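Down below is the structure, laid out as structure tokens.
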Amino acid sequence: MAKPKKSDEEVSIDSDSLKIKVAKEAAKLIKDEMVVGLGSGSTANLFIQELGKRVIEEELYIYGVPTSFDSRMMANQSGIPLISLDQCGEIDIAIDGADEIDKKTFSLIKGGGGCHTMEKIVDYYAKEFVVLADESKMVDSLGENTPVPLEVIPFSYSTVLSKLLKINAAPAIRSGSGKMGPVITDNGNMIIDVFINIEDAEETETMLNSIPGVLENGIFTKCDKVLIGTSKKVEVLKK
């Protein structure tokens, strides 16, 4: 007899449980007197909650650097004291999620929540950049299922679209929910999602950022460690 397929709800529950498992492990990486980059997104939010428990229960002395208004609110709710990037001097570790991770290179795509510019600044500035995900996010080739988000200055959106079409990419302006019109980032800019062939992630990252009007793109190539939640355990992958 064939094994019955899981419903979408069951798959979602499994994914959520793996994210929680990974978030708990990531919280154990944080030590007293660390400055911690706080990523954005569902997995990063779970990490922030778990870290907040340690701050309260163990009186862990740390500061967090948020990467979005959303992560700022979650940190405030979780009891994590915050510090700005220009105040902290350096960031010991940044913990963030991902939308897609290349199995071979650990290059990744982020930005489903439209926060990738601030995330990349904090993640790249940190001494160590750790990514959290469940095993469904691992892919053989980056960009298989997920478009690369570009944060674009509104003044230049039409010229950016034209340039992307000329290089055989497939761009689309991201629309908002709860309001008419495009998504507007925390920085006041637009998001263009683009499907593009990624043979070399570093080259594509640099090329997209060279387009006038593009503030930052969602390809990240400087991950140091990946924590992957599986049904059996949390796997720690290093370059």
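Glycine too: its Cβ is placed from the backbone N, Cα and C atoms.
Annotation comment: Swiss-Prot describes SER40, GLY41, SER42, THR43, ASP96, GLY97, ALA98, ASP99, LYS110, GLY111, GLY112, GLY113, LYS137 as substrate binding site, evidence class sequence analysis. Positions annotated as active site, proton acceptor by Swiss-Prot, on the basis of sequence analysis: GLU119.
Overlay of Swiss-Prot annotations on the structure.
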residue: SER40; record: substrate binding site; Cβ within 10 Å: 29
residue: SER42; record: substrate binding site; Cβ within 10 Å: 13
residue: ASP96; record: substrate binding site; Cβ within 10 Å: 31
residue: ALA98; record: substrate binding site; Cβ within 10 Å: 27
residue: LYS110; record: substrate binding site; Cβ within 10 Å: 28
residue: GLY112; record: substrate binding site; Cβ within 10 Å: 21
residue: GLU119; record: active site, proton acceptor; Cβ within 10 Å: 27
residue: LYS137; record: substrate binding site; Cβ within 10 Å: 22
Inter-residue C-alpha distance, SER40 (substrate binding site) and the residue listed as 'active site, proton acceptor' (nearest angstrom): 7
Cα-Cα distance linking GLU119 (active site, proton acceptor) and ASP96 (substrate binding site), given in Å to the nearest integer: 8
Shell list (substrate; ref centroid = CB of SER40, GLY41, SER42, THR43, ASP96, GLY97, ALA98, ASP99, LYS110, GLY111, GLY112, GLY113, LYS137; cutoff 8 A): GLY39, ALA44
DSSP-derived class (H/G/I helix, E/B strand, else coil) of SER42 (substrate binding site): helix
Rounded Cα separation (Å) that holds between SER42 (substrate binding site) and GLU119 (active site, proton acceptor): 14
From ALA98, LYS110, GLY112, LYS137: binding-site residues whose CA lies within 10 A of the residue listed as 'active site, proton acceptor': LYS110
